[in-house]
Amino acid sequence: MEGDTDLQFLLVGGDLLKVRSSSWKKTRFYKLQEDCQTMWHESKKTFKFKQTFSIKDISAVRAGRQSEGLRKNTEEPVEGRCFSIIFKGRRKNLDLMASSEEEAKQWVTSLEKIIWIFNCLRKADKNSDNKLSLKELKDFLHQINIEVDDQYAEKLFQECDQSKCGHLAGDEIEHFYSLLTHRQEIDTIYGEYAKTMGFMSAENLLEFLIKEQREEATLADAHRLINKYELDDKAKEKQLMTQDGFLMYLHMPEGLVLNPTHKAVHQDMSQPLNHYFISSSHNTYLMEDQLKGPSSTEAYARALIKGCRCVELDCWDGSDGEPVIYHGYTLTSKILFKDTIKAIKEYAFKTSDYPVILSLENHCSVEQQRVMAQHMSSILGSALLTSPLGDQMPTGFPSPEELKERFLVKGKRLTKLEACFGPEETAGDDGSLTEEEEDDKEEEEEEKKKEGKKLKLAKELSDMVIYCKSVHFNGFQDAKDNLGFYEMSSFKERKAMALAEESANSYIHHNVDKLSRIYPAGTRTDSSNYNPVPLWNAGCQIVSLNFQTSCNDMDVNQGRFLTNGKTGYVLKPAYMRDLGSEFDPITLTAGPWLQHKTLHLMIISAQQLPKVNQKKTSIVDALVKVEIHGVPADTADKETPYIGNNGFNPMWNENFKFDVYVPELALVRFVVEDHDSVTDNDFVGQFTVPFTSLQMGKLSYPAIHMFTD
């Protein structure tokens, strides 16, 4: 397995938090020994290596908080950072926590691979003689997702059977695996730059970084990469990079397709709040469908951990004077409003420090509205924004930076915001409390029939609405003439899509000054989603999706908010923040938004794709799709041919070319599928990234790590 990046990761090792109880969590350094069979750990206190376990003693590696110990001793927000090693026999589980979700996935993937290889070889070795016959070799290939014809299998076998005894053993099996995992494409690029005694010197690596990766790198950067990723100590001493070290680099953040500088906060966060796209969830409390599925505070935790910054609370009168949250007039289960606020407070700022908007869909009586206000005040405390920033009436929104770790309430308000700075207006209690304003009058009438009468608004709750006052939308001109910057409307997807298509420039101007929230159609009872891209193209900030549903649209949404530190806030392009802008994504007339780019891609290869069809005889027929999501002129997709019966190391070497005219709004989605000639292809994995966050190069070799859920 020399050269395998997952094995190399284990050989380098790293710090993990060992969890025994809620109070006993200690850092240990774990590392795979050179024999590739033994894991060791190092105590930070004693700095003494101790043997911990043998790879062959591992029964399974489980990602997440699946063990009883992790469920008991850790909290939901760290779910993605946790994993457990399950041992054979009576040995206790080893519960561990990595520093990040990415690192945890790498540990799980690497351990599973080495266990898998050992297990596959053991299963293939039917008579347990530590040798592989030709038939056993064929069985092994099938287990690792490769289907080959008899002639090729025999050729491979003969090439490895150097002793000519009719079976493979020891070094011959190692040679066989080396042939299996050999990557010609890496040989080619490494060979071109390995000009120093067959290795890459720091100067050679710098040449690669500048010419191929198009990076503004220095010699110091090249030395840093060698010191970080080179595994051979002798090579490292001479400041040389071996091919194994080079492969390791290509699979780490510096070599990935996502620009590593965009992983952290890199945008100006001091612009007004409405100048950002904001990651937003619809009916956040639901775990499944919209009609009978469970409601749970866990759904809020999951959304917030994913970077969601606007969550929805559908509030109704509950028993014992306590308001509840559920999808009204359905069979969905109910959760207490106060428990939801507690969960939101706990998880709100685990992933992002930037403000969270609480979108209230309020159906409660005045009495229980007062209870809602009391709960928010007592639980959220000073983090709840209850008055405008500053000592005079604002003329625009504060910035996400100014609102760090604050909660904003979105809902109805009895008075104008100006009342906070002058004599209080008479606060009448009348007001429709339905947040999701309907443009269809028939639907409004139906809602009124259900409620029987208009409900009233409690002053205590009303006063908590500062920058996000919900109002009905009566047209762009009316909003411009009569509404304050803080007065915002919610649009059903159908209405919003129509406005985005027919009046895109007017919608953009509207969103320069105000906030807009979009939500899914009521007919989406299965919690399906809609395409958020046309709404972003029209400048809409709060495009709410069903976070519990994995689908193409949710993939694109997560791709949009992948960068800028996963803060849940992405700054809109300058031409979408200008009231004089003539930008229209439909007509696409000339302007600063037109920055024609040509994207050249070569889909080279993939390694170790998971089986999606669990039938024993099934082998992945892998293909790759590349999609561009953006303005209509940029929207396109292309795909490779499928490689039959090879999910282990398919190679395409397929070139694609895309013209992108508005790069600041474009996203690139890479999708791997298992081809099926009879039914729809099966989804294997995907990765979506903003076009402007790609690591661009004249000829680059970045890797893409796929998300499979």
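Using N, Cα and C of the backbone, Cβ positions are placed for all residues, glycine too.
Averaged over the domain 'PH' (9-116), the predicted model has a pLDDT of 84. If you look up TrEMBL, you'll see 9-116 marked as domain 'PH'.
Using a 10 Å Cβ-Cβ cutoff, LYS26 (substrate binding site) registers 12 neighbours. According to TrEMBL, the substrate binding site annotation covers 18-45, LYS410, LYS412, SER490, ARG517.
Taken from TrEMBL, the feature O-linked glycosylation site applies to SER163.
TrEMBL lists HIS282 (among others) with the feature active site. When other Cβ atoms within 10 Å of the Cβ of HIS282 (active site) are tallied across all protein chains shown, the result is 28.
Residues or ranges marked as active site by TrEMBL: HIS327 (among others).
Look at TrEMBL and you will find 422-454 tagged as region 'Disordered'.
Summarising the annotation, TrEMBL assigns compositional bias 'Acidic residues' to 426-446.
According to TrEMBL, the domain 'PI-PLC Y-box' annotation covers 461-577.
Look at TrEMBL and you will find ILE619, ASP621, ASN645 tagged as Ca(2+) 4 binding site.
Marked as Ca(2+) 5 binding site by TrEMBL: ASP674, ASP676. The C-beta environment of ASP676 (Ca(2+) 5 binding site), restricted to residues of the same chain at least 6 apart in sequence and closer than 8 Å, consists of ASP621, ASP682.
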Would you please pick out, from the binding-site residues GLU34, GLU42, ASP621, ASP674, the one with the fewest other Cβ atoms within 10 Å of its Cβ?
GLU34
In angstrom units, rounded to an integer, how far apart are the Cα atoms of THR38 (substrate binding site) and ASN645 (Ca(2+) 4 binding site)?
33
Output the one of SER22, THR38, ASN645 that, of all these binding-site residues, has the highest number of other Cβ atoms within 10 Å of its Cβ.
ASN645
Including all protein chains shown, what's the count of other C-beta atoms within 10 A of the C-beta of TYR30 (substrate binding site)?
20
Of the recorded positions SER163, HIS327, ILE619, ASN645, ASP674, which one has its Cα closest to the Cα of SER22 (substrate binding site)?
HIS327
Other than its own, how many Cβ atoms are within 10 Å of the Cβ belonging to ILE619 (Ca(2+) 4 binding site)?
21
For ASN645 (Ca(2+) 4 binding site), the spatially nearest of the recorded positions LYS18, LYS26, TYR30, HIS282, using Cα atoms, is TYR30
Sort the recorded positions SER163, HIS282, HIS327, ILE619, ASP674 by C-alpha distance from GLU34 (substrate binding site) and give me just the closest.
SER163
What's the number of neighbouring CB atoms sitting within 10 A of the CB on LYS410 (substrate binding site)?
26
